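Pulled from TrEMBL:
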BINDING   Gly134, Ala136, Val137, Asn141, Ser376, Asn408, Leu474, Asp477, Ser478  Na(+) binding site
COMPBIAS  7-18  compositional bias 'Polar residues'
COMPBIAS  44-62  compositional bias 'Basic and acidic residues'
DISULFID  Cys240-Cys249  disulfide bond
DOMAIN    50-75  domain 'Sodium:neurotransmitter symporter serotonin N-terminal'
REGION    1-67  region 'Disordered'
TRANSMEM  128-146  transmembrane segment
TRANSMEM  158-179  transmembrane segment
TRANSMEM  200-228  transmembrane segment
TRANSMEM  291-308  transmembrane segment
TRANSMEM  320-346  transmembrane segment
TRANSMEM  366-390  transmembrane segment
TRANSMEM  402-427  transmembrane segment
TRANSMEM  447-472  transmembrane segment
TRANSMEM  504-529  transmembrane segment
TRANSMEM  535-558  transmembrane segment
TRANSMEM  579-598  transmembrane segment
TRANSMEM  610-635  transmembrane segment
Amino acid sequence: MEKKATSNETQLLASTKDVSGCNEGEDCRENGLLIRNPKSALRLGEDGNKVHPSQGDKEEAAPIKNGYSGVQSSGPCNGMGGVEDAQCTAPAATTTTTTTTSTTCGAEGQQQLMELEDRETWSKKIDFLLSVIGYAVDLGNVWRFPYICYQNGGGAFLIPYTIMAIFGGIPLFYMELALGQYHRNGCISIWRKICPIFKGIGFAICIIDLYVASYYNTIMAWAFYYLVSSFTAELPWTSCTNAWNTGNCTNYFSKDNVSWTMYSISPAEEFYTRQVLQVHRSNGLDDLGGISWQLTLCLLLIFTIVYFSIWKGVKTSGKVVWVTATFPYIILFILLVRGATLPGAWRGVLYYLKPDWQKLLATEVWVDAAAQIFFSLGPGFGVLLAYASYNKFHNNCYQDALVTSTVNCLTSFVSGFVIFTVLGYMAEMRNEDVSEVAKDTGPSLLFITYAEAIANMPASTFFAIIFFLMLLTLGLDSTFAGLEGVITGVLDEFPHVWSKRRELFVLGLIIICFLGSLATLTFGGAYVVKLFEEYATGPAVLTVVFLEAVAVAWFYGITQFCNDVKEMLGFAPGWYWRICWVAISPIFLLFVTCSFLSNPPELRLFDYNYPYWTTVVGYCIGTSSVICIPIYMVYRLVVTPGTLKERILKSITPETATEIPIGDIRMNAV
């Protein structure tokens, strides 16, 4: 009689001989089957086949600690739903047996076998943590948070920011980590195990990630151009004697007495706009001009680095992030110490943190707080699902969610001191108010204002090199993550095509991203980057995560999801998490999405006001990803047999079992 399976059992249920002689109704001793047994009848599908354990198995099929039962398999394994020879097709002499039922036979069963046998895991826990931190902490933490903070009430902004983090951002962050770790699938195939009709969410996520890759890496190309230009004794954006300078160039840091007028342009601004971007050679989005070969070479080198960092999977990218995720913190500390010693630094810090309590009454402040925490933590891009899917099953993802989200928020807060100490120094040198100096937003804050401040510090070359190296490393691990979300999603969905050809698929993906970035490398490429940043990702990813939260909490079921978490961690999420997932987080997302759609931003970059038609184009770009969701829903209902009611029920019912490891055993949750 077979031993009962327990949570600490270490004996391998592996077949070491030919099991093709398993007859219908007999025990298949070499192929252990562990299936959830919530009811007395174990129905396997529409064909009416049932598992018929032997008498001995009925006596031994006692429930295990986590609610599963151990029984033997005698069901059909021909992939057709029939009995035929009922041959068990488990591979012989495997190290860890993957148990399946007749619902997962054929191609679907082979796919699950491939997922379990070939799926890699992180070499160390710290590799996963650094990868998630590197993904969440990106360029936006350095420029976006400080600007939004002082624009929305300074220190008072921290109140709505913290509230939105506790009730919106962190619960969604935790939810995605738990989903990915439990189901061990990417953003597309995971929906077979949750709610198949929402599978279009996975395709939408992949398209959004490709849009991000098409413009985000161009910003890193700008940083790389600055880095190469920094290897000189005198930084090129410190003087007005270069070929690209105009008569309005005014260097107020020079020893000569100069006056700053309303027409004055700093040498740093002219270097950025006329030498790096060359926007003066473009008339706007309707006339982008030619392609900058310098930026093209920079982007090509960046994509080459990205390819060789992720082509082998998380075991290689997990080593690269030891540099790309930790180096920025070293540089931030150095720049913080240096900024604190500059004259006028206190003026910037005071402007950064001085609370304006009246701002809390404005709806825009709460919208900005919600949007900032959401885009900072980054749920909805498929990255957290992908990274968590390579974790060990019993990894404490709850602790990981709290640690990484806290580190991310603190990094944003500290980055504000790094930026505003320098802005205070700039205000002191210009003899202006900090508000006048801090007009630049977005990348301009880094490439104009901060670059100019660095250029006029002692040892300016050294600080310029480490600063732009920091920007590169901040962007690289975010790019690793975004592309890994697509790679994992596609490889898990089509393992029979790409599982053994990862390097080739990654190469093709990199080429597609590079070609998609060509429009951002033109002389008017900065206008394209701004358009994509505001419209291609914002409302689209908010909609995706809203539907994801609804699908998990309301269709898959909050009780089932919490039971899944308990299977992994040994404890179920409390009422706080349940309420957030069921109600607060979806409302939070709906609030931000509706606020954005009801009041779309009026885009302006440098002296260029975006015409109305660009708003229409922006919404079309955003809709092109989200449209995958209703299209797949219609497709799913059309191809599913039965009446409309039967089609809907089948489409919202998980169709694939999730394998749960118990010691050295894996069993299906069906």
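Here the Cβ of each residue, glycine as well, is placed from N, Cα and C on the backbone.
Neighbour list (Ser478 (Na(+) binding site), Cβ cut-off 8 Å, at least 6 residues apart, same chain): Gly134, Tyr135, Asp138, Leu139, Tyr216. If you measure from the Cα atom of Cys249 (disulfide bond) to that of Ser376 (Na(+) binding site), you get 36 Å. Listed in chain order, the residues near the Na(+) site other than Gly134, Ala136, Val137, Asn141, Ser376, Asn408, Leu474, Asp477, Ser478 are Ile133, Tyr135, Asp138, Gly140, Gly378, Thr411, each with its Cβ within 8 Å of the site Cβ centroid.
Take the CB of Gly134 (Na(+) binding site) and look out to 10 A: across all protein chains shown you find 28 other CB atoms. Distance from the CA of Cys240 (disulfide bond) to the CA of Ser376 (Na(+) binding site) is 37 Å.
Away from its own ends, the transmembrane segment (200-228) comes close to residues 139, 186-191, 276-277, 294-295, 298-299, 301-303, 306, 380-382, 443, 447, 451, 464-465, 468-469, 471-472, 475-476, 478-479, 482-483, 485-486, 489-490, 493, 512-513, 516-517, 519-521, 525, 528-529, 532-533, 536-537, 540-541, 544, 547-548, 551, 621, 624-633 of its chain (Cβ-Cβ under 8 Å, at least six residues beyond either end).
With respect to Cβ pairs under 8 Å, the transmembrane segment (291-308) is most closely packed against 504-529, considering the stretches 320-346, 366-390, 402-427, 504-529, 535-558. Away from its own ends, the transmembrane segment (447-472) comes close to residues 139, 142, 220, 222-224, 226-227, 230-233, 235, 237-238, 253, 266-269, 271-272, 276, 302, 327-328, 331-332, 334-335, 338, 342, 419, 422-423, 425-426, 429, 437-438, 440 of its chain (Cβ-Cβ under 8 Å, at least six residues beyond either end).
Touching of the transmembrane segment (402-427) and the transmembrane segment (610-635) is ruled out by the presence of fewer than three CB pairs under 8 A, sequence neighbours closer than 6 excluded. In the predicted model, the domain 'Sodium:neurotransmitter symporter serotonin N-terminal' (50-75) has a mean pLDDT of 37.
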